[in-house]
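Enquirer: Below are the structure tokens for one structure; questions will follow.
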Amino acid sequence: MTSPANRLQRRLGYQFNSSELMTLSLTHRSANGKHNERLEFLGDSILSFVIADDLYHRFPHVDEGDMSRMRATLVRGKTLAELGREFELGDYLLLGPGELKSGGFRRDSILADCVEAIIGAIYLDSDTEQVRKVILSWYQSRLETIQPGINQKDPKTRLQECLQGRRLALPAYTVTKVHGEAHNQEFTVQCEVTGLDKPVIGKGSSRRKAEQAAAELALKQLES
């Protein structure tokens, strides 16, 4: 019978030499004093470099602005959470009782952070070239389909440009609620937009993410 650890490693396309590193990468702050946040910090930087390097060589005639937007699309929390679900990481996360009860194994922010932590763990367990190969294998289809252009602009930028094009006032964002403990907060942001009857509400694990979520909803309403 295949063990859970082996199933996960097959999904990741990487066999760990250190089972302790793999376990640490899956351990949320709520579960243990020794958790994956340092690995997450490391993995975030490695991921950004690997994706930037690939885009630089993949698009030799694209300017810095478009490359930055493509990289942001590929390394954002939403994309990382999608990867986490593809790996079925929710089945392997080590969470405290509170996070388990609140469905933390489904939360985008926790899945995204875990993917970054796994990247950090693979780097420490192997080397730069090996972690590069793993990341590029995860991102192969996304890298083959991504293209420079307006679709890579974040929702706040697109909303601002949409309103400017219609000669309307810029949106106003207000934080209306912050819920949860310091390491696991949820922000609620209200976005007031000229042309919409009611403010739109966005939620996210940071103020910026909540604002982006609200802007995305506002765009959908303006375009409908």
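Placement of Cβ uses the backbone N, Cα and C atoms for every residue, glycine included.
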Enquirer: Quick check on the annotation: Swiss-Prot has Asp113, Glu116 binding Mg(2+), so which of Glu20, Glu37, Glu40, Glu192 does it put in that site too?
Expert: Glu40
Enquirer: Of all the recorded positions given, Glu40, Asp44, Glu116, which residue's CB has the most CB neighbours within 10 A?
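Expert: Ranked by Cβ atoms within 10 Å, first place goes to Glu116.
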Enquirer: Including all protein chains displayed, how many Cβ atoms other than that of Asp113 (Mg(2+) binding site) lie within 10 Å of its Cβ?
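Expert: The answer is 27 other Cβ atoms.
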Enquirer: Take every residue in the domain 'RNase III' (5-127), average their pLDDT values, and give the whole-number result.
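Expert: Summarising the domain 'RNase III' (5-127) by its mean pLDDT gives 93.
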Enquirer: Work out how many Å separate Asp113 (Mg(2+) binding site) and Asp44 (active site) at their Cα atoms, rounded off.
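Expert: That comes out at 9 Å between the alpha carbons.
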